[in-house]
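A quick write-up on the structure given underneath.
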């Protein structure tokens, strides 16, 4: 065979595939080796390598980039003149650079072909040996546009290539994309690996177990297209499939049912027919497997698939492996960069254009801001050549196409005639926004712009441009006024540099004594103060901490409770008297006599309002909280001081013990000191519980009480006794004395003092649980601030200061109320606010009245000019404007101008005969001079605003440079599929709802589309039986159907991704009434299956990856095989159970024979994770996810695992039922321990090697001839078998081993009798079902 052509990568692939198909792998690999040697030999001879000289930049590049830049300069000027909006400018820039980059790429290729076809770079890239076009483009073309981290395209392209070298800016821009690529790759590997794992899990039990299931069902295959482009031709999709019925063309049978299509037949059928019915794993009726005929070829060999082939795992790997190559991320290009699918039509020759009748057009504004004619209904244009030898050409135009020529226009060769939009591609658009910021400071003026206020439901008002127009910024210097500043000039004033424009006053609210530290930013004003003039403060340190002690004139000592230099609130405690008059030695009980206290808190203590006596009955309380077994004494026992009451706890005083316990936990031990008398009775002695016994009371003739006691009857281990407990008395004065204090300048009606307060910490009758002792009463100095206006007191604080006393080493305590005022910092060069100067108007030590001005901040003018833009009243704005000479320019004219004062002039507009304005501006005045005229203009800048834009500013507002002016709202084509690549594959296979699902028609009918004013669209469908269904649309959804259009069931009415669950539901509900549940479920599942297969294919195709349909079909089959039981009827099935559709239908058929009620069900679509967890085998499900849940459920339900898949068998450690282990699986499919006697040792029934024709099939002719290089895969069993040329007699012990392996394969002792007869897998299934029912 002789080919005379250049062999590149593609041709090489085909050559090797042909050799493999025809001559097997051994010869093919030998040929591949020889080809490799050939390649290397000639590459070495030729010296193919890349050097810098090979990277030739096409000479036309410079000129191409210059023309692109020229086009962009024009666009920029149009933008500056206000002819196009920011969005249109951006779009034009992006499109210009894109087309330049593309045409440069073509130029690179042309340049190589013409000048140096043997260039190493060119040869490598185009033969497919190394590199690709996009890399070559970056080496010698231009790198093109890049996206920023948010995915928006940066409108600064990288014009250089790697051969010329990048500038710093370009390098930084391009590093965004590079980093993104690396991160993406890292994320992709993990994602794709997990996807493969889930796919394997869901399909691992799909094994070819039958030769032919005999089904009559089929799927229809057509070529896969995207718009006009054919992604996968029909011939490619047919290869290796079995036909479902004979193909007859013009009465001739081209191919028959069940024929597997090879290359030739596929080519032939692809030419002759558009759609073809084939068998598919989706429709295969083999139970829990796929049959050979439905699967077709094993694509690895180009022969029918072998029995026992694990096609599920092959499918999973075929889909999972390319996952890494899919792009992960959505490059959302900030959208303006559209994937507009418009075909450009250029004139092939010079000629005249004619519009044919029936072509209806209307004028539109294109996305570049140009006015063009757009085609409304399909029509045609005709091009008549100037050269009569050529033929007239007619072009058909689709609606939405743009015309670049007029009727009757003469066109030159290669002139652009029209951009034809593809009618197949549904143009889905979405709303997007873009901010426009101001390029100069000044005031705002609207021209032809009509604003309109809209209020939404929340009551927020937005201002929207009702009609588009120009928004002008008239130049001027804008000053931002600080808060509180009042302008001291008015509109129209002329100001010079350094004049004060506005000022802020700093006012003291309270007045008082001024304290001003040098170089400080704060002015402190003392409004009131108090000092302890007779007391000294000394610093003493105890336990390593400094303490401030106040010694008063009358010998009292106070401890300062706050640190000097800090602020204290009103009513805060400043100091506490040091005294131990009210200190107890242990805990005890407290009783008030004549004492009255004010309300207060436990933490602060209760203030004593009236003096009296405190009675204190001491007792020692140990809080223990230990086990009762540690107790060393008994309840009621008398203990001596120092005795151990609980392990490691000793009492300090003698007395009677009271034990408090709860639930065998020892809570408290109380030791009550006192005198214990045992020989008294309560009745005879007349002493009540808790009675006070006064001194001199005679208890018995021998005993007289010396001091005050409290009586308590206690139970001891010797009987009832009387305990007389000691009582301490503490006398409390009505009020304590305050140290003398002098106060100064109590201005503004304020008064400040330190008040002495006695506070008691325990309530009347309270028990103090303690061993040590406590302070009962404390005397405190409290800060009291009072004022004529009580509400102004709450926020006042006082500062604690220590003033040194002359010629003594101690200090005096002083409390002052300060008002602190902070001065503004001066700034000479605030770019937005003028020069700011602050002047202080007071001196240190001044006395000032309330309301006095302490300092004044002035905003000074930086440039001479006229004041504008001050507003009064409610409209007051914190800005003012100065129009200086820099903002104006003068044009001398020789002729009379055509403009008058206040006119707005756009750059390059005519202002007098033959005179164009150099800049845009507003005419201030037109003056006549000796030589002619003089126009004075104020610089200005127009911005084009499209209708519907959101305005951030109003007419007359003052804006700084960089302020937002408007938010342009525009429609952009959704860039491709917003979710691409892996995430989309995952969304499909996990059967997730898409984010913005489209609306599907539930019944066929005729559409009625109504557009309401507020951009809301109503779609109603008049169904065939006359019912009208309404389909509500969300705001973001655009209708895809037009008024009076006929629609079919399940058709998408709006843009967006279809939700597969909804497809299933819509079709099932539509068919169920006419066809019954089973057929409806099959039909609905088929629609969903085809949708999923096509969607997955299109994602892989968009990345240029080819996957055979059958792999996806195997996976989708696993996702769509189950139904959910709605009502079990008379069967044993439970509502909500997920079961195989065929299994349910078998039971229902049995029910219809016996007359029982059939089960009702709905088909369900399970994502791959869900399907893996709902598989028949609980071992497989448990080893995938949620192990504990799966195993506990299986245990509760008493499930059996039939060990059909690969995974279950691997886990349990047996042969897998695929490949070489398939036969043993088949023959033992129902074997119990019972074996028929005549077969006992006849192992010839079971061959231990696989003939090359595939297991279970007759061997290939010529098998065993050495003449043919057969492809064989040997394992040790097969090898032994081959060695003798026949099946070997195995040793007895090996036989025993094998037979034990064989019989244990399905050893089910408890129900063995049921299985002894069952030999076929199908029967086994029926048994399993019957068994489950019973």
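Keep in mind that glycine also has a Cβ here, set from the backbone N, Cα and C atoms.
Annotation comment: Swiss-Prot describes 213, 284, 291, 294 as Zn(2+) binding site, evidence class sequence analysis. Annotation note: residue 294 (Zn(2+) binding site) sits in a helical segment as assigned by DSSP. Of all the Cβ atoms in the protein chains shown, 31 others lie within 10 Å of the Cβ of residue 294 (Zn(2+) binding site).
Look at Swiss-Prot and you will find 1299-1334 tagged as region 'Disordered'.
The compositional bias 'Low complexity' annotation in Swiss-Prot covers 1299-1308.
Per Swiss-Prot, the feature compositional bias 'Acidic residues' maps to 1318-1334.
Taking the mean position of the Cβ atoms of 213, 284, 291, 294 as the Zn(2+) site, the remaining same-chain residues with a Cβ inside 8 Å of that point are 210, 212, 215, 279, 281, 283, 285, 286, 290, 292, 293, 295. Fewest Cβ neighbours within 10 Å among the binding-site residues 213, 284, 291: that distinction goes to 213.
In three-state terms derived from DSSP, residue 213 (Zn(2+) binding site) belongs to neither a helical nor a strand segment and is classed as coil.
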